[in-house]
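Copied over from Swiss-Prot:
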type    : residues               : note
BINDING : T131, G154, D176, N223 : S-adenosyl-L-methionine binding site
Amino acid sequence: MAQSRLFFSADKAEAERTYNILEQAFEDDGFPIAITEIDEDRQIFEVSVYVEDDAEEVAARVDALVGPGLFDTEELPDIDWVTHSLEGLKPVRAGHFFVHGSHDRDKIEPGDIAIEIDAGLAFGTGHHGTTAGCLELIEETVETEHPTNALDLGTGSAVLAIAIARLAPIPILATDIDPIAVTVAAENAAKNGVAEHIVTATAEGFGHPIFRSYSPFDLIVANILANPLIELAPSIKEHLAPGGSIILSGILDSQHDAVLAAYQTQGLTHQKTLHREGWVAIHLT
């Protein structure tokens with residue numbers, strides 16, 4: 001299947017503005033959209049849209065949204081780019097967590113809470129700034145609040161659910177709208193020796209009956225996108241146990257205030273925000 005990438009680079013503010021426009025416009029299409037810092041000194045960021053087969057149609061839509069001629073297009077070899085990119089990924093440290101691929105087991109140090117996640121079909125290896133920030137808040141929250149159960153909403157690779165389980169042997173529900181992600185999540189939980197603590201389910205939002213069996217939750221973590229987080233604010237609050245904590249990520253710096261306001265409207269209190277590589281992770285109670 002032919003794969004193409006539409007890409008555009010600009011300063012941080014313009015790149016974030018463009019990313020936000022495209023992320024909202026293509027939310028229902030399923031096209032992966034990424035924003036990456038490519039020049040740290042000059043603060044230049046690149047926005048990419050990955051498409052299959054219909055690159056010309058998508059390019060026309062992009063031109064209509066952000067202006068003609070801004071994005072270039074390149075054809076990509078027909079390979080699994082996420083898996084292929086693992087070769088260039090370095091292990092990530094977030095608090096005491098050490099997230100690594102199978103090729104970096106030799107880099108685990110004494111005292112590390114090691115989580116092995118190979119890049120593949122599900123998003124979330126720990127190499128993304130928003131995931132790293134979330135891991136830091138998870139460590140702090142679990143160690144200070146001692147939750148008795150947890151929910152990882154939009155689990156992806158299950159890196160966050162695994163992190164919770166490595167800190168506390170509590171029941172954890174890990175859900176995702178993508179059945180492939182749910183399969184990968186279960187495999188990763190088993191690989192990391194915490195499968196007995198993590199129950200996985202394919203679910204969109206909170207509509208699945210499994211939530212009735214597990215809620216309310218002392219800890220809810222959700223590393224998805226800003227717009228779904230805002231829409232889900234009432235449901236997330238509804239499924240939170242009294243005195244519980246919520247950790248949100250998948251949020252750009254520029255989206256922080258809107259997401260925070262949605263949860264403060266639900267009566268939640270802002271505890272902390274971590275900023276990592278242009279992304280934020282938010283802790284509320």
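Each residue, glycine too, has its Cβ placed from N, Cα and C.
Secondary structure from DSSP puts G154 (S-adenosyl-L-methionine binding site) in coil.
Neighbour count (other Cβ atoms within 10 Å of the Cβ, all protein chains): 25 for G154 (S-adenosyl-L-methionine binding site). A 10 Å cutoff on Cβ-Cβ distances gives D176 (S-adenosyl-L-methionine binding site) a total of 27 other Cβ atoms nearby, all chains included. Counting every protein chain shown, the number of other Cβ atoms lying within 10 Å of the Cβ of N223 (S-adenosyl-L-methionine binding site) is 27. Maximum intra-site Cα distance, S-adenosyl-L-methionine binding residues T131, G154, D176, N223: 16 Å.
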